[in-house]
Amino acid sequence: MRLNRRVWCSFVFVAGEVSGIMISISKWKCSWSLMATIASIVALVSVVHLFLFPVVPSFDPFSVRKVQDSCGPNNESVDGRTGHDPGNLQPVLDLEHKFPADLHRAVVYRNAPWKAEIGRWLSGCDAVTKEVSVVETISGRSCKNDCGGQGVCNYELGQCRCFHGFSGAGCSERLHLECNYPKSPELPYGRWVVSICSAHCDPTRAMCFCGEGTKYPNRPAAETCGFQLSLPSEPGAPRQVDWAKPDVDIYTTNKSKLGWCNVDPAEGYANKVKFKEECDCKYDCLSGRFCEVPVLCSCINQCSGHGHCRGGFCQCANGWYGTDCSIPSVTSSVREWPQWLRPAQLDVPDNAHLTGKLVDLNAVVKKKRPLIYVYDLPPKFNSLLLEGRHFKFECVNRLYNDNNATIWTDQLYGAQMALYESILASSHRTLNGEEADFFFVPVLDSCIITRADDAPHLSMEQHLGLRSSLTLEFYRKAYDHIVEHYPFWNRSSGRDHIWSFSWDEGACYAPKEIWNSMMVVHWGNTNSKHNHSTTAYWADNWDKISSDRRGKHPCFDPDKDLVLPAWKRPDVIALSTKLWARPLEKRKTLFYFNGNLGPAYPNGRPEALYSMGIRQKLAEEFGSTPNKDGNFGKQHAENVIVSPLRSERYHEDLASSVFCGVMPGDGWSGRMEDSILQGCIPVVIQVGSSAYPENIENMFDLAYKQQATWLFMAQDGIYLPYENVLNYESFAVRILEDEIPNLIKILQGFNETEIENKLTSVQKIWQRFLYRDSMLLEAERQKNAFGYVEDWAVEFLRLTEDDVFATFVQVLHYKLHNDPWRRQLGSQKKDFGLPQECLMRTS
């Protein structure tokens with residue numbers, strides 16, 4: 001039905017009363033008297049609104065997160081192309097003289113020692129960034145049958161994002177996902193797979209439950225739970241599982257047998273009934289020893305308050321979409337729009353009263369660059385991987401306990417989720433691809449690899465059992481999707497696109513089609529020294545991937561890529577006691593390393609390739625714990641700790657040390673983060689050999705040799721977190737492999753002033769190794785939902801320095817105006833919110 005003018009003018013009033021929203025009316029033909037009446041009412045409402053909702057900022061501890069990347073004042077920008085007012089010319093900014101480098105060749109910006117060129121630009125330009133006006137398009141394209149209640153409509157493309165087990169244009173096709181591989185006479189339940197099931201298989205997710213006919217049909221009966229176990233072959237050895245024989249006792253009602261599916265929780269807790277210990281709550285959304293407590297599931301940004309989390313997939317409320325339900329459609333309530341879209345000036349199309357249907361709505365929002373567009377990919381690249389996971393700890397960095405309080409996990413690859421959530425909720429996010437400076441492609445490889453071979457439909461048979469090959473295929477299909485459905489890739493050949501690779505060796509298995517893009521990794525191997533896979537895990541090896549698929553690119557290019565810190569679980573005690581700030585006089589251990597030291601020690605990794613042999617060589621020299629032969633290291637000393645024994649006081653031990661070892665594992669390890677977060681000077685030991693003459697001790701004194709070591713920074717071609725943007729010499733020590741025997745002499749060669757300076761630098765940058773932004777998002781959600789602030793949130797709210805995400809944005813801003821390929825594209829007709837002298841490189 002065609003809407004008349006009076007109805008549409010009424011819509012203007014309703015929208016006009018929303019705080020922070022202004023309406024722009026184009027060529028409407030309402031009567032002047034009616035318009036005057038509406039204007040009077042709007043003015044009155046605005047006055048009342050000022051009394052009810054003051055414009056002055058109110059104190060909100062969570063606002064720290066919202067303004068974390070705020071910058072200083074800036075001159076007005078008039079010219080839409082350059083952001084510079086030609087009528088008020090300013091002298092050219094001499095960054096080199098205004099921001100000179102220190103003795104370590106670093107320029108400090110916001111307490112971090114950056115490489116000189118980067119630090120200068122950030123100090124002179126990032127610090128004065130001004131907001132610009134960005135037109136955000138709010139979409140309203142419909143989907144077939146509204147996705148039939150089995151999916152979420154992407155209102156931008158008019159495509160359904162179907163839940164696990166459903167497919168088709170309108171999510172009307174039901175998939176049948178088997179838990180088991182085809183059976184054989186020897187294996188009636190097929191060969192082993194994580195989803196193997198002797199009970200009831202849910203074919204929408206390939207998950208195993210007790211099923212109908214039991215007292216608790218929705219209780220998981222996954223994997224070992226449903227099969228018979230034999231006695232250990234020797235004392236202390238694990239029990240063996242017979243995957244061909246189902247364990248029917250899990251259905252028993254006999255309290256003297258090891259049951260499960262009919263065990264009453266109250267009787268189980270009271271030890272009045274026996275139950276099988278191997279049965280547990282592997283799946284998300286359930287808690288309690290008997291899975292009797294429904295709890296919050298883990299979803300991306302917990303669906304942003306606009307949806308329901310169903311095992312990892314956000315089922316969005318009407319009018320909202322996106323992997324975290326954070327994108328409003330034209331039917332959403334303006335009052336509920338996210339912070340990154342407010343305040344906004346709405347522009348209602350002038351032909352809306354003719355069609356009676358809003359397809360797109362423009363909203364002008366003030367933002368600071370860089371602007372990041374996030375692709376809303378089909379869920380097979382993210383949400384389905386979360387919804388179908390067979391072990392609740394996989395992929396995510398948090399779970400929820402019986403009271404729905406947040407449980408932060410030690411998931412090694414949780415940084416990928418944290419970065420993704422921060423980008424989605426950031427004020428730097430834009431829905432306007434034409435205005436975007438960068439494009440983030442959210443493929444969750446942390447979930448792909450951990451879930452490889454979880455179920456028959458995730459089989460690696462076509463990939464020769466290589467998880468690396470399977471993961472490459474996911475990235476290539478994501479590339480195919482964005483090239484087919486979006487126009488943005490071709491305008492830069494993908495060089496303004498960002499892909500995250502969280503696994504051990506980073507982007508080594510990136511398909512050749514996307515290598516022009518920026519890779520965000522935890523392990524920066526340029527392959528200048530190591531041009532083959534370094535992992536000891538066969539399934540992750542990328543050497544066997546054909547060059548037709550992978551190309552011949554390195555794993556990392558320091559000119560375009562970035563190494564970000566790995567995820568570390570919040571430690572309330574370490575934060576509250578300020579272990580990071582412990583002074584030198586309280587650090588009694590000279591050098592500390594606690595971790596796996598290889599096959600010479602009990603429970604050590606057996607592979608010779610593990611850690612490229614570096615940890616093993618360190619232990620040979622300085623091992624402070626006896627190996628299998630009862631031997632210590634050749635140079636073991638009281639104030640040097642190199643041990644594989646897991647410390648119960650790990651963070652305290654780090655904080656009691658001056659220097660801490662940082663060595664690879666199967667690729668990256670989290671030792672750099674551990675060291676920095678506890679205020680310890682990291683000593684990076686990587687593969688390589690120095691170019692010192694054999695008689696160097698006769699030519700130079702040890703102090704000179706110590707300083708010369710800096711000439712070999714990253715000589716092994718492997719970059720650690722921020723190493724291609726921050727000045728490592730200011731806060732770290734890098735030792736080459738053949739210098740391990742001289743390690744203690746080198747460290748003792750630093751005088752107290754040098755050590756104090758490095759400790760001070762570590763204490764200034766430690767927060768840049770925390771994913772504080774993501775944690776504050778969770779703190780705010782918990783506060784809004786339950787009205788309280790947990791202990792970990794209290795500690796994080798006290799922190800004010802830039803974190804990982806703020807550093808990430810600063811690097812993007814520098815790259816926006818300094819990447820050579822952008823200069824080659826010529827001038828861009830955008831308002832960058834910067835003085836002309838900051839834009840010279842992009843002109």
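Cβ atoms here come from the backbone N, Cα and C positions, even for glycine.
Keep in mind that this is a model prediction, so the values were computed, not measured.
Here is what TrEMBL records for this protein:
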type: DISULFID; residues: Cys143-Cys153; note: disulfide bond
type: DISULFID; residues: Cys162-Cys171; note: disulfide bond
type: DOMAIN; residues: 139-172; note: domain 'EGF-like'
type: TRANSMEM; residues: 32-56; note: transmembrane segment
(request) Quick one: pull the CA-CA distance for Cys171 (disulfide bond) versus Cys143 (disulfide bond), whole Å only. (result) 10
(message) Using Cβ atoms only, which residues of the same chain lie under 8 Å from Cys143 (disulfide bond) while being at least 6 residues apart in sequence?
(response) Gly151, Cys153, Asn154, Tyr155, Gly158, Gln159, Cys160, Gly170
(message) With every protein chain in view, what's the tally of Cβ atoms within 10 Å of the Cβ of Cys153 (disulfide bond), excluding that atom itself?
(response) 26
(message) My understanding is the cutoff is Cβ-Cβ under 8 Å with a sequence separation of 6 or more in the same chain; which residues meet that for Cys162 (disulfide bond)?
(response) Cys147, Gln150, Gly151, Gly168, Cys171, Pro379
(request) For Cys171 (disulfide bond), just count the other CB atoms lying within 10 A of its CB, please. (result) 24
(message) Mean pLDDT for the domain 'EGF-like' (139-172), rounded to an integer?
(response) 95
